[in-house]
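Student: Sharing a structure here in structure tokens format.
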Amino acid sequence: MDLERGSKTPPSSAPAAAAATTTTSTCCSNKRPQLRDRLVALQPVVLRAAATLATAVAAAVMALNAQSYTAVVAIVGTRPLTQTFTTKFRDTPAFVYFVIANAIAAVYNLVMLLFRCLILRRRMAGLVVHMLDMVIMALLATGAATAAAMAELGKNGNVHARWNPICDRFGSFCSRGGVALASSFTGVALMLALNLLSAASNAQCSPGQYE
């Protein structure tokens, strides 16, 4: 009888074990939504940080883009006369606009990252930021498209207008300009993704929630 009594499990141990198992499973299930919510919240931050880097690189590379080219223009006797030609981004208004647009976008995104905590405290601020993001994306797109058109003209020229290409003489200038254009178009794509994400987030909120 004593052995039988000792082998029996106390009645209170089974409910306690079940409660511990339930608590453990509940904690694990609660951690998963929290992790997912954190990853979703980090998406705009990552996109904006990448857009800041891309536009800053585009503005810096184009702003520092310059090259000199020396050519023989005449020969007097046996002495060649040379002339040095220099090209800079300031010589083309489209490239100047490109630098300004990318610089504005980089500064804007940096400010949004620094003051993100203050912006998230107000409900209406999300809609305002979304509208500003659309303006910056349009500014970036027009700047990149304008600079790309001028870059294509510099690379291939225009036979009908008798404009000769210059990239055969200013190869480094054109190469650095291509890097700046690629970085700027990357910034446009990132801003587009940021706008789509912001639009989806704002669509989940009803109009009555905005103050």
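Using N, Cα and C of the backbone, Cβ positions are placed for all residues, glycine too.
In case it's useful when we look at the structure, here is the feature table from Swiss-Prot:
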COMPBIAS  9-26  compositional bias 'Low complexity'
REGION    1-29  region 'Disordered'
TOPO_DOM  1-55  topological domain 'Cytoplasmic'
TOPO_DOM  77-94  topological domain 'Extracellular'
TOPO_DOM  116-123  topological domain 'Cytoplasmic'
TOPO_DOM  145-176  topological domain 'Extracellular'
TOPO_DOM  198-211  topological domain 'Cytoplasmic'
TRANSMEM  56-76  transmembrane segment
TRANSMEM  95-115  transmembrane segment
TRANSMEM  124-144  transmembrane segment
TRANSMEM  177-197  transmembrane segment
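Walk me through the surroundings of each of these features.
Tutor: Across the topological domain 'Cytoplasmic' (1-55), mean pLDDT in this model comes to 62.
Using DSSP to sort the residues of the topological domain 'Extracellular' (77-94) gives these counts of helix, strand and coil: 5 helix, 10 strand, 3 coil.
Residues 61-62, 64-67, 69, 71, 85, 87, 92, 94-95, 97-98, 184-185 of the same chain lie 6 or more positions beyond the ends of the topological domain 'Extracellular' (145-176) yet place their CB under 8 Å from a CB of it.
The list of residues near the transmembrane segment (56-76) in space but at least 6 beyond its ends in sequence, with Cβ under 8 angstroms from a Cβ of it, reads 82-89, 95, 98-99, 102-103, 106, 147, 169-170, 172-173, 176-177, 179-181, 183-184, 187.
Below 8 angstroms of C-beta separation, residues 43-44, 47-48, 50-51, 54-55, 57-59, 61-62, 65, 89, 95, 98, 102, 105, 130, 133-134, 136-137, 140-141, 143-144, 147-148, 151, 154 of the same chain, each at least six residues beyond the ends of the transmembrane segment (177-197), sit close to that stretch.
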Student: Other than its close neighbours in sequence, what residues sit by the transmembrane segment (124-144), given a CB gap under 8 Å and a spacing of at least six beyond its ends?
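Tutor: Answer is 55, 97-98, 100-102, 104-105, 108-109, 112, 181, 184-185, 187-188, 191-192, 194-195, 198-199, 201-202, 210-211.
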Student: Using a Cβ cut-off of under 8 Å, list the residues of the same chain at least 6 residues beyond the topological domain 'Extracellular' (77-94) that approach it.
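Tutor: Contacts with the topological domain 'Extracellular' (77-94): 62-63, 65-71, 146-147, 149-150, 166, 169-170, 173, 177.
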